[in-house]
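Colleague: Below are the features I grabbed from TrEMBL:
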| type | residues | note |
| --- | --- | --- |
| BINDING | C104, H106, E139, H165, H358 | Mn(2+) binding site |
| DOMAIN | 189-280 | domain 'Peptidase M20 dimerisation' |
Amino acid sequence: MPVKNRFAELQAEITEWRRDFHEHPEILFETHRTSAIVAEKLEAFGCDEVVTGIGRTGVVGVIKGKATGSGKVIGLRADMDALPIHEATGLGYASKTDGAMHACGHDGHTAMLLGAAKYLSETRNFDGTVVVIFQPAEEGGGGGKEMCDDGMMERWGIQEVYGMHNWPGKPTGSFAIRPGAFFAATDQFDIVFEGKGGHAAKPHETVDTTVMAAQAVLALQTITSRNADPVDQIVVSVTSFETSSKAFNVIPQTVHLKGTVRTMSNTMRDLAEKRIKEICTGIGATFGGTADIKYHRGYPVMVNSEEQTEFAAEVAKSISGQCDDAPLVMGGEDFAFMLEERPGAYILVGNGDTAMVHHPEYNFNDEAIPAGCSWWAEIVEKRMPAA
Ligand SMILES: [Zn+2]
Ligand SMILES: [Zn+2]
């Protein structure tokens, strides 16, 4: 089966919604306008229940099938937030807000899930209940986690969850997925080396934190190259090196390092945290100073469940004729928290030959809408078939 005819009909309307969201990007939990429009549309479609304020600015809509005797409840999730990037697409509907841009295609995700909600409210051709989930703050704010913490899964009895992300460089409307670990855990570290500042011409009277921190930057590379099993994926990147001195003749009292760790398993995550602490504490002591280390755990590894992934791939194949094996992605995804609470699957839909997500020239491809919406609708109709 190719895309559903109804979505070919709805594509122009869904595109209009998408471009309106694109023109008015909102960052993290500040998705007030977007959330209001989403809630308004869900009401207009005739959803059985629409609730705002879940996970601060998140929105939930409930659509009951013709029958609900199966007792099944499926959650479909889209993200709504934009990025703090200055848009450089030159599009007629480019961002009207300086320093904010839909550079990850969440405008498209929101519009596609709204399109699916409209269709499912019209047809109700399933036996069970659909919960459409619109979350804020995917880009580093943990909006999905906040919706879970607000008791969303329990409140609506959600049993399985599905998510989707557009993917530049992949043919428009084609799909890719993988079971098991898919997106990386994303952690951050803050390390402050403290020594004894002083005159750069009298180094023997100081404890030089620059030397300490420089040693640490190099030694941290050995977590990946010497501590981790070579078949495991791990990235340790130091991304900021800031000394407390701006002068050429002062040895700084402190140096502050920042960085990120990306891993695909809790074993690697634990290893990275342990080694960062050991290495930096050791280096501080070796050079006569101290190291204060803060390791902050961000999004966990996003793990696709076996059964739901197989099912999601079958649905994708029925729509676009194929479903590729997706590569591991070392980026993070807030949907990981929902997949920790319920089994489910997350799929990539091709965005065609566009700039990569998070690039100022990126744009969501509206031609992917029929395939994306069809996947949502088919997940529901095939997983909870009407009698
Ligand atoms: Zn993103
Ligand atoms: Zn994204």
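Numbers run from 1 along the shown chain.
Cβ from N, Cα, C; glycine included.
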Colleague: If you check the binding-site residues C104, H106, E139, H165 one by one, which have a CB less than 6 Å away from any atom of ligand 1?
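Modeller: Correct list: C104, E139.
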Colleague: At a 10 Å cut-off from the C-beta of H358 (Mn(2+) binding site), count the other C-beta atoms across all protein chains.
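Modeller: The Cβ of H358 (Mn(2+) binding site) has 13 Cβ neighbours within 10 Å.
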Colleague: Given the recorded Mn(2+) site (C104, H106, E139, H165, H358), which additional residues of the same chain have their Cβ within 8 Å of the Cβ centre, ordered by sequence?
Modeller: D79, D81, L83, A103, G105, E138, V357
Colleague: Let me know how many other Cβ atoms fall within 10 Å of the Cβ of H106 (Mn(2+) binding site).
Modeller: 30
Colleague: Counting across all protein chains shown, how many other Cβ atoms sit within 10 Å of the Cβ of E139 (Mn(2+) binding site)?
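Modeller: E139 (Mn(2+) binding site): 19 neighbouring Cβ atoms within 10 Å.
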Colleague: To what whole number does the mean pLDDT across the domain 'Peptidase M20 dimerisation' (189-280) round?
Modeller: 97
Colleague: Please list, for the domain 'Peptidase M20 dimerisation' (189-280), how many residues fall into helix, strand and coil according to DSSP.
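Modeller: Grouping H, G, I as helix and E, B as strand yields 37 helix, 32 strand, 23 coil.
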Colleague: Please report the number of other Cβ atoms within 10 Å of the Cβ of H165 (Mn(2+) binding site).
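Modeller: H165 (Mn(2+) binding site) is surrounded by 24 other Cβ atoms within 10 Å.
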Colleague: Near ligand 2, which of the binding-site residues C104, E139, H358 have CB less than 6 Å from any of its atoms?
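Modeller: Only C104 qualify.
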Colleague: Does DSSP put H165 (Mn(2+) binding site) in a helix, in a strand, or in coil?
Modeller: strand
Colleague: Validating a neighbour-count step here. Other CB atoms within 10 A of the CB of C104 (Mn(2+) binding site): how many?
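Modeller: So the number of other Cβ atoms within 10 Å of C104 (Mn(2+) binding site) is 24.
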Colleague: Specify the secondary structure state of H106 (Mn(2+) binding site) as given by DSSP, simplified to three classes.
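Modeller: The three-state answer is helix.
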